[in-house]
Amino acid sequence: MAEKAVLVDKLPPVKSNVASTPPPVEPKSVTVEPKSAPIPEPVEIETMSINDPVPPAFQLAAGVDRSSTNKKAQEKEVVIEKPVKPEPEILLADAQQPPIEGEALTKEPETQEASISGFQNVTYYTFILNLLVFGFVGIFFLSRGLNKKADVRHRPMINYGIFLLVLAFVYYYMKGAFASYLWGEIDSAPLAVRSLSWMILAPVLFLLIANLLRTGKAEQKRFLIISGLAVLLFGSIAISAVHDIGQGIRITFTILSFIASIGACFLLFLAYRDFSEDLNPHVAKGFTIIVGVIAGGWFLYPWLNAASVFFNAPSVFLFLLNFVDLGLMAGVTYGVYESTAKVSENIAVKPKAPVAMKPQGPKPKAPPAPRKAS
């Protein structure tokens with residue numbers, strides 16, 4: 001070992017090709033700044049220890065060795081960001097909520113419907129009663145006229161049955177407006193539509209009565225005049241029932257309805273006086289009932305209309321009008337049935353007895369009486 005040490009010490013120095021050894025480079029500290037992440041929204045911070053069970057959403061991926069982590073890191077607290085669920089808004093009670101625009105309009109019909117009085121219900125159901133009675137009686141007349149042609153005067157009976165069915169259809173059409181007024185959905189009573197309907201139906205009714213009596217052309221002119229007065233009567237009632245016109249115009253047409261009613265009833269009684277003596281007994285009985293009922297009903301119409309105009313009580317007018325219409329048409333129907341149910345004689349009007357013609361010129365002298373033989 002000593003010899004080797006000597007030999008090493010005696011070796012000449014080896015010259016290096018490198019001129020000089022550079023000074024050692026001091027390691028520079030490199031700091032890597034983490035990339036700036038977007039600032040999260042305010043969240044709720046929850047602290048937990050690493051020893052606590054970790055939720056499934058934050059478990060480490062497979063393949064990572066937990067044993068390689070530092071013990072100090074295990075003792076440190078792990079900060080887990082947990083998204084905050086928005087708390088549900090506490091709704092105010094219905095009574096504390098501010099009213100929504102248009103809510104009062106949608107709830108108003110319900111309040112009105114709940115406050116319908118018993119009088120309004122009776123008014124509505126009497127109107128429905130008229131509709132049903134007219135419809136069923138019209139079907140009865142129509143079927144009887146078609147099935148028993150040999151026993152009844154079938155043509156007048158069929159025509160009157162069709163008239164009643166048309167009247168029932170008109171009432172069915174007015175049912176919606178009638179109910180809307182009583183339920184408070186519209187402000188004005190449907191009196192104008194009802195009167196306008198009778199402006200068309202009244203002349204048709206008088207045409208049927210004229211055919212029932214088998215009047216001639218001269219007598220039919222009188223019924224045409226009565227029909228014109230009926231149109232004036234119901235037209236005046238229809239105009240006076242409109243609330244948008246002035247009160248003075250309504251009063252004027254109310255007075256005009258009285259004039260038309262009196263004129264129509266007067267002409268109707270004149271027709272009864274002229275025709276009743278020449279009619280067959282069953283036809284005369286039916287015509288008497290028809291004249292009395294129409295005159296009484298048409299006399300009441302202007303008074304009911306005047307009460308509605310001056311006292312502003314359209315609901316009462318509708319209630320009374322239902323009963324007047326029902327009584328009027330019931331009487332007319334009974335009169336028509338009495339005039340058409342029997343066919344004992346095909347001619348409704350009695351034929352007048354022939355008048356003996358008087359000979360013209362001087363009377364011939366009577367032959368002298370024969371002398372008695374002595």
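A Cβ is built for glycine as well, from the same backbone N, Cα and C atoms used for every other residue.
All annotation found in TrEMBL is predicted automatically rather than curated by experts.
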Candidate ranges 14-37, 86-109 [criterion: TrEMBL lists as region 'Disordered']: 14-37
Other parts of the chain folded back onto the transmembrane segment (283-304), taken as Cβ under 8 Å at six or more residues beyond its ends: 209, 212-213, 230, 233-234, 237, 254, 257-258, 261, 264-265, 268-269, 271-272, 275-276, 317, 320-321, 324-325, 327-328, 331-332, 334-340, 348-349
Residues of the parent chain within Cβ reach of the transmembrane segment (162-183), under 8 Å, 6 or more residues beyond its termini: 109, 112-113, 116, 120, 123-124, 127-128, 130-132, 134-135, 137-139, 141-142, 189-190, 193-194, 197, 201, 204-205, 208, 315, 318, 329, 333
Folded-back contacts onto the transmembrane segment (195-213), same chain, C-beta under 8 angstroms, at least six residues removed: 155-156, 159-160, 163, 166-167, 170, 174, 219-220, 223-224, 226-228, 230-231, 233-235, 237-238, 241, 275, 279, 283, 286-287, 290, 332, 336, 339-340, 348-349
